[in-house]
Amino acid sequence: MKIIGIESSCDETGVAVYDTALSGSAALRAHSVYSQVALHAEYGGVVPELASRDHVRKLLPLLRQTLAEAKLSVEELDGVAYTAGPGLVGALLVGAGVARALAWALEVPAIGVHHMEGHLLSPLLEDDPPEVPFVALLVSGGHTQLVAVDAIGDYRLLGETLDDAAGEAFDKVAKLMGLPYPGGPQLAALAERGIPGRFCFTRPMVDRPGLDFSFSGLKTQVLLAWRNSDQSDAIRVDVARGFEDAVVDTLAIKCERALDTVACQTLVVAGGVGANKCLRARLQAMCRQRGGRACFPRPALCTDNGAMIAFAGALRLQAGQQSDVAVRVTPRWDMAALPPLVSRSCRR
């Protein structure tokens with residue numbers, strides 16, 4: 001099956017073609033992403049109405065571009081997958097509307113995909129994918145969750161953030177230190193030059209049982225340290241390093257605890273913060289020390305993209321699942337409520 005995937009949940013427009021007749025990374029025939037960062041920069045964050053309108057402008061040209069890169073005509077598609085939630089309702093409706101219309105015109109099945117299931121499965125697009133069962137850390141600007149994956153489509157929430165997501169905390173700390181939007185990646189780049197231990201911040205909630213997270217108190221601690229400093233460039237990089245170390249340590253401690261809880265040695269990390277170099281190195285070292293393995297998607301597939309949607313959709317379409325003809329989206333959607341897969345035969 002040749003499946004086209006459409007992602008439009010927030011401020012990236014993503015389109016990809018996944019071919020189940022191929023294996024490994026070769027199965028991803030093409031993928032394209034258009035980012036709206038420049039559009040939202042002057043507002044310091046995503047403006048939902050502007051995001052929706054930009055998806056309308058960019059989605060069809062991106063579809064044509066991706067099909068051309070895959071060397072396919074639209075008539076050769078066997079199915080359509082699209083992000084149905086969670087996300088911004090207007091942005092989701094743009095992608096869902098285009099996907100449903102395309103599927104109807106081609107007389108092929110369509111499937112609405114859970115955005116976070118797409119992220120969770122994205123490491124399976126690589127040449128040496130992890131095998132189930134595994135523990136997944138989903139870490140992005142909107143989510144920080146630990147999920148036990150007993151089988152593809154069978155998910156148990158182990159813990160989640162009680163307030164700010166890790167990526168959200170990165171962006172907010174960057175903003176309070178005067179970095180332009182989106183500040184998270186710039187903060188991480190500054191942290192690489194900082195001196196370890198110059199600023200030591202709390203590792204929140206690691207001293208109590210459980211697998212939930214909280215980053216709002218850490219954010220306040222960083223704010224106070226920054227306000228009480230001379231706010232020089234040298235201090236900025238050291239504060240950035242102290243903050244990043246605190247977040248990475250917290251995530252690593254909770255991940256190790258989750259692996260122990262479910263008696264598993266494989267950790268999958270996905271979501272935008274999964275591209276962070278410090279986090280990758282820390283989790284890889286932790287898993288190696290345990291005799292286990294940490295698996296990540298390539299950095300280009302950590303942020304929102306159509307490839308993960310095409311792949312997740314292919315799994316469910318091959319299992320015989322599909323969505324009805326109505327254009328429906330679910331801005332808030334519990335991944336544990338997803339139907340299990342009847343078949344696990346989709347080739348990777």
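Cβ atoms here come from the backbone N, Cα and C positions, even for glycine.
Annotated features, as they stand in Swiss-Prot:
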type: BINDING; residues: His115, His119, Asp304; note: Fe cation binding site
type: BINDING; residues: Leu138, Val139, Ser140, Gly141, Gly142, Asp171, Gly184, Asn276; note: substrate binding site
Largest tally of Cβ atoms lying within 10 Å of a Cβ, found at which of the binding-site residues Asp171, Asp304: Asp304
Cβ distance under 8 Å to Gly141 (substrate binding site), same chain, sequence separation 6 or more: which residues? Ala165, Gly167, Glu168, Phe170, Asp171, Gly184, Gly272, Val273
Residues sitting within 8 A of the centre of the His115, His119, Asp304 CB atoms (Fe cation site), not counting those, run Glu7, Ser9, Thr83, Met116, Gly118, Ser140, Gly271, Asn305, Met308, Ile309
Could you round the CA separation between Ser140 (substrate binding site) and Asp304 (Fe cation binding site) to a whole angstrom and send it over? 10
Whole-number answer please: how many Å between the C-alpha atoms of His115 (Fe cation binding site) and Leu138 (substrate binding site)? 11
Neighbour count, 10 Å Cβ-Cβ cut-off, for His119 (Fe cation binding site): what number do you get? 30
Write down the Cα-Cα distance for Asp304 (Fe cation binding site) and Asn276 (substrate binding site), rounded and given in Å. 15
How many other Cβ atoms are found within 10 Å of the Cβ atom of Val139 (substrate binding site), counting all protein chains shown? 28
How big is the Cα-to-Cα gap, in Å, between Asp304 (Fe cation binding site) and Leu138 (substrate binding site)? 12
Using C-alpha atoms only, work out the spacing between Leu138 (substrate binding site) and His119 (Fe cation binding site) and round it to an integer in Å. 7
Return the maximum Cα to Cα distance in Å (whole number) over the record's substrate-binding residues: Leu138, Val139, Ser140, Gly141, Gly142, Asp171, Gly184, Asn276. 17
